[in-house]
Amino acid sequence: MESEQLFHRGYYRNSYNSITSASSDEELLDGASVIMDFQTSEDDNLLDGDTTVGTHYTMTNGGSINSSTHLLDRLDEPIPGVGTYDDFHTIDWVREKCKDRERHRRINSKKKESAWEMTKSLYDAWSGWLVVTLTGLASGALAGLIDIAADWMTDLKEGICLSALWYNHEQCCWGSNEATFEERDKCPQWKTWAELIIGQAEGPGSYIMNYIMYIFWALSFAFLAVSLVKVFAPYACGSGIPEIKTILSGFIIRGYLGKWTLMIKTITLVLAVASGLSLGKEGPLVHVACCCGNIFSYLFPKYSTNEAKKREVLSAASAAGVSVAFGAPIGGVLFSLEEVSYYFPLKTLWRSFFAALVAAFVLRSINPFGNSRLVLFYVEYHTPWYLFELFPFILLGVFGGLWGAFFIRANIAWCRRRKSTKFGKYPVLEVIIVAAITAVIAFPNPYTRLNTSELIKELFTDCGPLESSSLCDYRNDMNASKIVDDIPDRPAGIGVYSAIWQLCLALIFKIIMTVFTFGIKVPSGLFIPSMAIGAIAGRIVGIAVEQLAYYHHDWFIFKEWCEVGADCITPGLYAMVGAAACLGGVTRMTVSLVVIVFELTGGLEYIVPLMAAVMTSKWVGDAFGREGIYEAHIRLNGYPFLDAKEEFTHTTLAADVMRPRRNDPPLAVLTQDNMTVDDIENMINETSYNGFPVIMSKESQRLVGFALRRDLTIAIESARKKQEGIVGSSRVCFAQHTPSLPAESPRPLKLRSILDMSPFTVTDHTPMEIVVDIFRKLGLRQCLVTHNGIVLGIITKKNILEHLEQLKQHVEPLTPPWHYNKKRYPPSYGPDGKPRPRFNNVQLNPIDEEREETEEEVHLLNSTTL
């Protein structure tokens, strides 16, 4: 429900906002079929909002796209509040870059004046490294705390350590002299709840009591988690990655990265993981790290007063989050670059790398798992893979793609049903029901009773001579004289077959429960459940291939590599490949995922199997839909996010999408110098638009600029308080020079300083394929539609998203409608050479009907009207 309120409060309200600019030179140059003619000394001036006099550029596409970079007049006396943003609004990238460039110039110009100014200059230069250092330190410390607390509370469902209450099961038995290697989890210091309550360690009574206590603790943890989220921080629920992607694209969600969200998410994440729900903590750790980055950015004015610069810190924070989640610093940087970041300059790459390094170092110093590793399921394999194994690896990739496509569709359908029914109004009840079903079904199966990370660790682990797991219950060769590291392939024993059946049941359980768990109102990550499903499937396939190679080693595919007595197949490797394939099928990650899994295993040898499985998973998943789970949830929640992965192949034009439509009210515009304060205030009160085009005059509808609603309101209120003589009849002037007024006229109000002098424009016949590409590449919030320089309408990101959604549901005609070949708009000047009279509001002339529309043409016309 929070996402629906966010959508209706901000997204519908945010139709018009200030334009945004490109994030990098490459994005500017990558515009499809767009020719750019730069006439400036360096490209950075354009990107950073340099307003040097004389600097300009033109952007053309057959004469249909024009713009100039005389961006914003500098504010002689900055008006408090101008340039700030309301909640659920999109930032103005151009304005923020202008502010940062001006701040940087001001500091550089003063640094030679005194030692104090030089110190301030050095502090400003190093503030970026300081904030990512603090973010890395906090992220690593919180991740270590979450790991330790989650392990302790997970074991609390089964029993308690009497010698030290703060020890988990494994730590409790470390120092025990009674514990044996085969039964290293049994020691006198650790007591199950059945032993404490009824004094029985074995038997039906003990099993039932432990069953009841397991369900009790699971429900208690889940209820406490959802209650804390609902009461104190509603934004602490879910994974957080869809919202972080939207925030990094320029959207503002106040409180989503605040201190209350950080505190509640840290606590409830431990409770949610300990409850045994089919979720993970790795995804929410990205949200936790971004909260740390946002909070620390307020300590430095360079980032606290500039939303664009703050997003550079958040990109680095997301890299630190993945670094501590998987113990993969390089993978974290690539994850930030590939999956979540919208604007990722080179300096952000360096700082992301440093933040990931610091976070990983802190987590390694804490050593939460006691194995001197950054992750619980770190493994190393000593057996190489063989060429014939590519076939089962690719089959695992197919399974991962099918699982990803099924999960996305099923989970989105369930989340949509949750929003549209009464069931979504009772989030606490939903969490309790899901937790109860999970606990009741999970306890009898030892593989579902395990913590999901522990399960992945067991599935990844290769069977060595000292392993006592039932997955390693092979029939040993009695003639073996010594223990070696590389044990040859052996026939499976009863324990292995029993474990396979339990793993099959666990696979079905995980698939079903993960669909219903992801999206409930507790912190819930998707990385670990997806990896667990893939690891289970991979281990089953690995054991099957291993037994096939043992009993049929004379087959031609095994004959060359799998000799009798050779260690040929590693089932744990198949589990690792399956985990990567399933996670790739759900998220559609490729490069970053391969690097993350590579850092988990520590072996370059297995990159090719991982790449083959991940790419197969992506191809199979893309065959059913190109959206990953995070993009699907962004679209479900209605966030204003344009996904660069989607292709636009339709033939509509800008005039098909622009507003106003044929039956809509005319476009509300401001004139350059003949409107009063009352006129502007009336227009603001009578409309809900977030911005207004400014034209030259009523006679000439030529575009001058674009003014934001918020800036107009703040500027007029400030002028009434601080300037004498400003009344309702005062003339408002957006021009550079104030027109001559009668002596008795009230003092005019100059608002040129808040005017955007370069709103991006396209012509009415510009193909929407190019318009959509421009919005994606340049990060625009809106652009104006013109015809021969006359303003006809406006296209916002909201209109783009609505148009894309409509095209998904309807079949678009292959050719443009017939009426666009007709002459629609009158020329600017009449036959007498004088400008045609026009109104303050643009009103499109109706199409001259030269012939009667056929039934087919009417249908064609309606199909292109939003």
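Each Cβ is built from the backbone N, Cα and C atoms, and glycine gets one as well.
Note that this is a predicted model, so its numbers are computed, not measured.
Per TrEMBL, these features apply:
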- 847-856: compositional bias 'Acidic residues' (COMPBIAS)
- 658-722: domain 'CBS' (DOMAIN)
- 755-814: domain 'CBS' (DOMAIN)
- 815-866: region 'Disordered' (REGION)
- 126-150: transmembrane segment (TRANSMEM)
- 214-236: transmembrane segment (TRANSMEM)
- 256-277: transmembrane segment (TRANSMEM)
- 284-301: transmembrane segment (TRANSMEM)
- 313-337: transmembrane segment (TRANSMEM)
- 386-408: transmembrane segment (TRANSMEM)
- 428-447: transmembrane segment (TRANSMEM)
- 499-520: transmembrane segment (TRANSMEM)
- 532-553: transmembrane segment (TRANSMEM)
- 573-598: transmembrane segment (TRANSMEM)
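Take the transmembrane segment (126-150) and the stretches 214-236, 256-277, 313-337, 499-520, 573-598: counting Cβ pairs under 8 Å, 313-337 has the most.
Most Cβ pairs under 8 Å to the transmembrane segment (428-447), among the stretches 214-236, 256-277, 284-301, 499-520, 532-553, belong to 214-236. With helix defined as DSSP H, G or I and strand as E or B, the domain 'CBS' (658-722) counts 24 helix, 18 strand, 23 coil. Applying DSSP to the domain 'CBS' (755-814) sorts its residues as follows: 24 helix, 18 strand, 18 coil. Contact between the transmembrane segment (532-553) and the transmembrane segment (313-337) does not hold: fewer than three of their C-beta pairs are under 8 Å, each pair 6 or more apart in sequence.
Beyond its flanks by at least six residues, the transmembrane segment (499-520) meets 226, 237-239, 277-279, 403, 407, 410-411, 414-415, 418, 427, 430-431, 434, 437-438, 441-442, 445-448, 455, 469-471, 473, 526, 529-530, 532-533, 536-537, 539-540, 543, 629, 633 of its own chain at Cβ-Cβ distances under 8 Å.
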